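Pulled from TrEMBL, these are the features on record:
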| type | residues | note |
| --- | --- | --- |
| DOMAIN | 11-128 | domain 'Response regulatory' |
| DOMAIN | 152-217 | domain 'HTH luxR-type' |
| MOD_RES | ASP63 | 4-aspartylphosphate |
Amino acid sequence: MSGAAVPRTSTVLIADDHPLVAHGIDRVLAAAGDVFRVVAACHSGREALAVAAEQRPDLVLLDVRLGDMNGAEVCRRLGTDTPRSKVVVLTAFDDTENLRRCLEAGAAGVLLKGTLDLDLTRALLDVRDGKTVIDAGIARALEAASGILAPDGTSVPALRPREVEVLRLMAAGLTTRDIAAELDLSLNTIRTYTQALMTKLGAHTRVQAIVFARQLQMI
């Protein structure tokens, strides 16, 4: 007799130097049932790095500004020390420079703290499944601050049709493996297209490539 599949529980580390905020996030995740299990709530960057190295959480919810370290540095260190942990950056304001650095350092998402009750559970599930999640308002702020390409589109880089296709699938939240399956191509071929389009867009990460492409109305 076969039963229904049991949802996988994802471990979560919260890193926020405001205890009330950390407690609120914990409550939101607890309301999702067995989907998430909070392994720790840390109040400094150094503490978060130490606990992450020990616990190896699936997801890290990271305040963009901690008292002892900025979010980008924590993202970089997590990417080196615990590369399988996916980082979602939390911010109470549009600190575009720090957020841009976090994304370049490998963050998989950026959310506004004020919308967590509505968005957090769904966003974390998407990130867990390999998607990229950026609050719409923050994405617009990043686009406006990038200053890399003219808004009239005169500097739009020439992407090949297949590169545009890969970019659109990236923006839809598909992983490299998903894109390979969708286009019936090898993983290495998709990686080659991804690297080529990122180079043409002047992007350092997949997230940055998506933001720039949206700015140019390419996708």
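In case you wondered, yes, glycine gets a Cβ from its N, Cα and C as well.
The average pLDDT the prediction assigns to the domain 'Response regulatory' (11-128) is 89. Its own atom aside, the Cβ of the residue listed as '4-aspartylphosphate' has 25 Cβ atoms within 10 angstroms in the protein chains shown.
Across the domain 'Response regulatory' (11-128), DSSP helix (H, G, I), strand (E, B) and coil residues number 62 helix, 29 strand, 27 coil.
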